[in-house]
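**Student:** Quick paste of what Swiss-Prot says about this protein:
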BINDING   Ser208, Phe518, Tyr606  chloride binding site
INTRAMEM  210-217  intramembrane segment
INTRAMEM  292-304  intramembrane segment
INTRAMEM  308-316  intramembrane segment
INTRAMEM  549-563  intramembrane segment
INTRAMEM  567-578  intramembrane segment
INTRAMEM  579-582  intramembrane segment
MOTIF     207-211  motif 'Selectivity filter part_1'
SITE      Glu318  site 'Mediates proton transfer from the protein to the inner aqueous phase'
TOPO_DOM  1-130  topological domain 'Cytoplasmic'
TOPO_DOM  602-809  topological domain 'Cytoplasmic'
Amino acid sequence: MANVSKKVSWSGRDLDDDEAAPLLRRAPRLGVPAGEAAPLLNGAGPAAARASPHSAFFRIGQLSSVELDDELLDPDMDPPHPFPREIPHNEKLLSLKYESLDYDNSENQLFLEEERRINHTAFRTVEIKRWVICAMVGILTGLVACFIDIVVEKLAGLKYRLVKDNIDRFTEHGGLSFSLLLWAALNAAFVLLGSTIVAFIEPVAAGSGIPQIKCFLNGVKIPHVVRLKTLVIKVSGVILSVVGGLAVGKEGPMIHSGSVIAAGISQGRSTSLKRDFKIFEYFRRDTEKRDFVSAGAAAGVSAAFGAPVGGVLFSLEEGASFWNQFLTWRIFFASMISTFTLNFVLSIYHGNAWDLSSPGLINFGRFDTETMVYVIHEIPIFIAMGVVGGILGAVFNALNYWLTMFRIRYVHRPCLQVVEATLVAAVTATAAFVLIYSSRDCQPLRGSSVSYPLQLFCADGEYNSMAVAFFNTPEKSVVSLFHDPPGSYNPMTLGLFTLVYFFLACWTYGLTVSAGVFIPSLLIGAAWGRLFGISLSYITGAAVWADPGKYALMGAAAQLGGIVRMTLSLTVIMMEATSSVTYGFPIMLVLMTAKIVGDVFIEGLYDMHIQLQSVPFLHWEAPVTSHSLTAREVMSTPVTCLRRREKVGVIVDVLSSTASNHNGFPVVEDADGTQPARLQGLILRSQLIVLLKHKVFVERSSMGLLRRRLRLKDFRDAYPRFPPIQSIHVSQDERECTMDLSEFMNPSPYTVPQEASLPRVFKLFRALGLRHLVVVDNCNQVVGLVTRKDLARYRLGKGGLEELSLAQT
């Protein structure tokens with residue numbers, strides 16, 4: 001494979017030879033002089049530090065010994081796949097700091113014994129507990145959404161009333177600059193506080209959280225992503241961001257919030273609060289937590305948009321790595337409970353206890369399908385709007401990509417991140433004030449349709465229409481663009497608003513604040529969509545079908561689809577949020593067109609940020625041009641193996657060694673020197689840590705020093721924060737003891753032959769949610785180990801198949 005000639009890190013500093021040397025410990029190959037470097041099988045240069053050739057001899061407790069054909073290790077052989085030799089950007093890196101989650105149960109003796117003890121009644125009890133947890137997730141997610149909505153409404157109302165009174169007073173007496181300073185200062189103060197708690201307390205709470213949850217459901221362990229502290233900072237941060245007037249929405253973070261709630265409730269304890277409620281202990285493993293997090297994400301979507309079916313489809317389309325019929329029912333149940341809880345509580349809050357008219361945080365309002373019909377000749381127009389949405393979405397993502405690269409390189413300190421967020425808040429308020437001040441688009445005031453009408457230089461009984469878009473929460477601005485009657489907006493007002501808000505939203509996404517991109521995208525699209533509808537109405541002579549509100553809806557769908565590239569779930573979400581199936585087909589056409597056009601230029605926003613964070617994310621399928629690659633070409637070698645009965649000192653050394661960077665170790669039979677050591681099972685680092693902590697040694701067991709036999713509960717109690725090996729004290733005498741791994745290892749790990757193609761390996765690994773896949777030869781000897789990073793290194797780029805470089809950062 002090709003060597004990578006340049007190592008790029010976020011610090012922008014290359015590794016020189018002296019720095020790269022310790023990362024590789026190359027064993028000499030037979031026939032290669034001792035001082036000569038052996039070639040790399042896996043194609044990564046010194047910076048990758050992941051593959052070294054096979055040693056000539058089997059060293060139990062250290063390296064696998066199976067040699068490969070000499071021709072495969074020939075340094076003079078041309079690489080069969082010409083990969084690029086220059087890696088210029090961060091998205092060409094794959095970070096080694098991310099670990100994988102265990103979405104495959106280790107079927108060792110302890111696990112099988114416990115499963116055999118579960119009778120029909122116990123099994124039914126476990127199933128009932130699953131439904132109870134999903135109900136609790138739905139209720140709590142709905143309550144959190146209510147809390148966010150009520151607090152935002154109160155604080156935003158207080159801020160806008162204060163600024164409005166100030167503007168009205170100074171409009172008469174002069175001195176509107178004081179109003180500008182007040183507005184900018186209030187926005188900056190809220191955002192300063194919101195950014196500070198995110199940057200200094202829990203950085204993973206930044207953004208919408210959707211990319212992080214996608215990675216979690218994909219099988220990547222993102223530190224702190226589902227902790228209680230993250231939830232508290234997320235909720236507080238999104239309130240402060242929205243009240244601070246940023247071009248953000250509170251709907252996206254609800255997905256992250258629901259996921260954190262699900263992850264916490266399903267474990268029956270809080271490691272942050274150090275409280276164990278001794279319930280739901282059976283679900284303390286990654287496989288169970290993954291399913292509940294899927295339900296939490298769906299409940300978040302349901303609470304945000306009042307779209308329970310859309311929530312289920314969102315979990316399916318955007319994240320879930322495992323799916324079945326029973327899981328679908330539970331996720332749908334959690335989504336329905338979430339939207340009902342939100343509906344019920346908000347109805348009581350608004351004084352309509354039995355009305356149940358608030359199904360989500362945002363309600364797009366019901367479109368009158370009798371008057372706002374669409375005709376067959378509008379379908380090409382909708383497709384054209386999808387093309388525009390795809391192009392604008394690609395421009396948005398491209399600008400945000402370069403902005404994110406700049407932030408990674410130069411705005412990586414928390415204090416600088418807070419300063420940038422505060423600056424954006426002040427600039428947003430200033431831009432809004434200047435546009436409102438400059439606008440002369442005055443419209444007659446219609447009852448209470450406008451929440452905070454600004455008169456400024458308009459006549460009595462009129463309001464400034466530019467203020468409706470800026471001087472309001474983004475959710476209410478979207479509804480205004482959808483439902484305000486024709487003639488409510490001047491085309492110049494909509495054009496200026498679209499242009500300014502587009503760049504403000506692009507600048508805002510990626511700040512160190514808790515915020516989402518759903519509502520800003522809808523608002524941008526609704527603005528240019530309404531402008532499109534006004535133009536069409538003018539051209540057609542105010543035809544009945546050319547309603548600006550209808551085209552505002554299509555523009556909103558096109559813009560959001562062009563940015564995030566979701567089709568199935570977004571179609572249903574928009575249908576449920578508008579309470580109308582009539583526009584289902586046009587919305588689907590618009591979203592599909594926007595995705596197809598946008599994908600021609602650049603990835604979707606969430607996938608782009610996942611790549612920029614160098615996360616080893618596995619897509620649904622392997623790269624289409626990767627069939628010529630085999631398992632032996634992508635696997636990690638050499639492999640650290642352990643014997644069934646291994647010395648404690650060897651295990652401690654293996655776990656302490658930085659060279660043993662895998663979290664799974666093949667277990668081989670005790671070789672007597674005459675027979676090759678064959679694969680017997682696989683044991684995880686976390687299991688070895690628990691065994692060492694409880695000192696499960698053969699000698700102690702034979703002397704009766706073990707108080708009891710280790711149970712599966714002991715491993716669940718240590719989950720998920722297993723102690724580091726440095727915290728476990730092992731005396732010199734204990735190092736000479738022996739540990740029997742037979743009872744704790746997985747005796748039937750998944751294996752593949754070394755000739756298996758990459759797509760076949762990828763399909764097995766991805767479909768089963770594996771963390772380790774052992775590569776064996778015809779004699780069942782360990783040849784290598786395939787991990788998530790080995791598969792994620794290969795992807796289809798513009799010039800064909802690309803191989804990413806591995807980095808420690």
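Using N, Cα and C of the backbone, Cβ positions are placed for all residues, glycine too.
Fair warning: this is a prediction, and the values are worked out from it, not measured in the lab.
Are these features on the surface or tucked inside, and what are their neighbours?
**Tutor:** When secondary structure is read from DSSP and collapsed to three states, Phe518 (chloride binding site) falls in the helix class.
Sequence-distant contacts of the intramembrane segment (210-217) (same chain, at least 6 residues past either end, Cβ-Cβ under 8 Å): 101, 204, 225-226, 252, 255-256, 259, 290, 293-294, 297, 315, 318-321, 516, 606, 609-610, 613, 615, 617.
Through the fold, the intramembrane segment (308-316) approaches residues 217, 255, 294-295, 297-302, 323, 328, 331-332, 335-336, 338-339, 566, 568-570, 572-573, 575-577 of its own chain, all at least 6 residues removed from its boundaries and within a Cβ separation under 8 Å.
With a cut-off of 8 Å between Cβ atoms, the residues of this chain six or more beyond the intramembrane segment (567-578) that come close are 301, 305-310, 313-314, 316-318, 360, 362-367, 553, 556-557, 560-561, 584, 587-588, 591-592, 595.
Distant neighbours of the intramembrane segment (579-582): 366-367, 369, 373-374; these residues of the same chain sit at least 6 beyond its ends, with a Cβ under 8 Å from one of its Cβ atoms.
The motif 'Selectivity filter part_1' (207-211): residue composition by secondary structure is 2 helix, 1 strand, 2 coil, according to DSSP.
Around Glu318 (site 'Mediates proton transfer from the protein to the inner aqueous phase'), the same-chain residues at least 6 positions away in sequence with a Cβ under 8 Å from its Cβ are Ile210, Lys214, Ala297, Met566, Ser569, Tyr606.
Per-residue confidence over the topological domain 'Cytoplasmic' (1-130) averages out at a pLDDT of 53.
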**Student:** Starting from the chloride site formed by Ser208, Phe518, Tyr606, give every other residue of that chain whose CB sits within 8 Å of the mean position of their CB atoms, in sequence order.
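**Tutor:** Other same-chain residues near the chloride site: Gly207, Ile210, Pro211, Gly252, Ile255, Gly516, Val517, Val564, Leu605.
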**Student:** Fewest other Cβ atoms within 10 Å: which of the binding-site residues Phe518, Tyr606 wins that one? Let me know.
**Tutor:** Tyr606
**Student:** Taking the Cβ of Ser208 (chloride binding site) as reference, which residues of that chain separated by at least 6 in sequence fall under 8 Å from it?
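**Tutor:** Set apart from Ser208 (chloride binding site) by at least 6 residues yet with Cβ under 8 Å, we have Gly252, Pro253, Ile255, His256, Ala515, Gly516, Val517, Phe518.
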